[in-house]
Amino acid sequence: MKLITILLLCSRLLPSLAQEEGAQEMDCNDETVFQAVDTALKKYNAELESGNQFLLYRVTEGTKKDGAETLYSFKYQIKEGNCSVQSGLTWQDCDFKDAEEAATGECTTTLGKKENKFSVATQICNITPGKGPKKTEEDLCVGCFQPIPMDSSDLKPVLKHAVEHFNNNTKHTHLFALTEVKSAHSQVVAGMNYKIIYSIVQTNCSKEDFPFLREDCVPLPYGDHGECRGHTYVDIHNTIAGFSQSCDLYPGDDLFSLLPKKCFGCPKNIPVDSPELKEALGHSIAQLNAQHNHLFYFKIDTVKKATSQVVAGTKYVIEFIARETNCSKQTNTELTADCETKHLGQSLNCNANVYMRPWENKVVPTVRCQALDMMISRPPGFSPFRLVQVQETKEGTTRLLNSCEYKGRLSKAGAGPAPDHQAEASTVTP
């Protein structure tokens, strides 16, 4: 049986989405409704790894908003069909599965339209499983890809590697963070194959200021978005030995509203000579001298970079160079202004995090340092401290939101590791 537009049985128009300024309700007899929902449903079926395709049952809500790009929003209901996702058929060529055994669902989607072509911007489908017969061991395909929980601990190192690979191999100015795991499958081979689909979002951490993703990097709600499909092979030594992925990245300048000029709650660069840093630096050097077992005190020689972030208080992140002084801990109870740095003393490159809540008199400093061995062989008269430059960032940049569209193709299950690309080996540590 071929499903045609008669399936577009509208139970109600859009009372909620129509409240959006400029949004117009759509009539169920509008052919555009079918074309848009057909695009969205085909995309959803194309992303399924196993099982049967879903068929359109009813469109329940629909609006459009005109602009530089016309935006369409729909809610529609779907039911499981009798055609597998590998059949090569479209959903219109399938029949509904028996009602009692069929899974059902409801999808919410937003699409854009340019040059008479629809593209899915966002889509969320909630599926209710049917009451089909339970699978036995004989029904399971040994050696085939099987779905696994998307919050499985086995996926943590795989996802971490995937996001790091994306950040290290793209020319984007900012780091991206994981937002959602959309699909996860594993296959037992001589080791383990993983297939994952996940979404990413731009954070406020630029690659210029942050060499790697940190916990305080904040996802930007109006930043660039992307969706990735990855294949990972973990060998019998629990090492990621094979990895490939493809990502579709979409700029945040096509849909929805402007990003505020100021990102409240995001880390901001502050001048290295700012008086605001005085107290935080004092706590940092005190913590360094308290935890360092060197016979002499250290003092801060150069502040290289500093940021502050408003949280429940203020968090300072400071990079500085500390140098050994002539004040020994045996004869001095604390570091004083009279302590001078030794010309050939030891130097440390330090990173400090200082969390301050003044109204509670609470200060929590953490400092990590590494010796600057390069200082031993510096030429006479040369001081790397004089070469430190303050980097300024431009404010006022605005970005627009555009949710991602995934255009990936199904991958065939294989018995070995994904052959596309070999990533650098990295040990899997949950």
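Cβ atoms are placed via backbone N, Cα and C, with glycine included.
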Region 'Disordered' per Swiss-Prot, picked from 221-241, 263-283, 410-430, is residues 410-430
Checking N82, N126 against Swiss-Prot, the one recorded as N-linked glycosylation site is N82
Answer for the disulfide partner of C125 (Swiss-Prot, candidates C107, C141) is C107
Residues in the domain 'Cystatin kininogen-type 3' (272-375) per DSSP class, helix first, strand next, coil last, are 23 helix, 54 strand, 27 coil
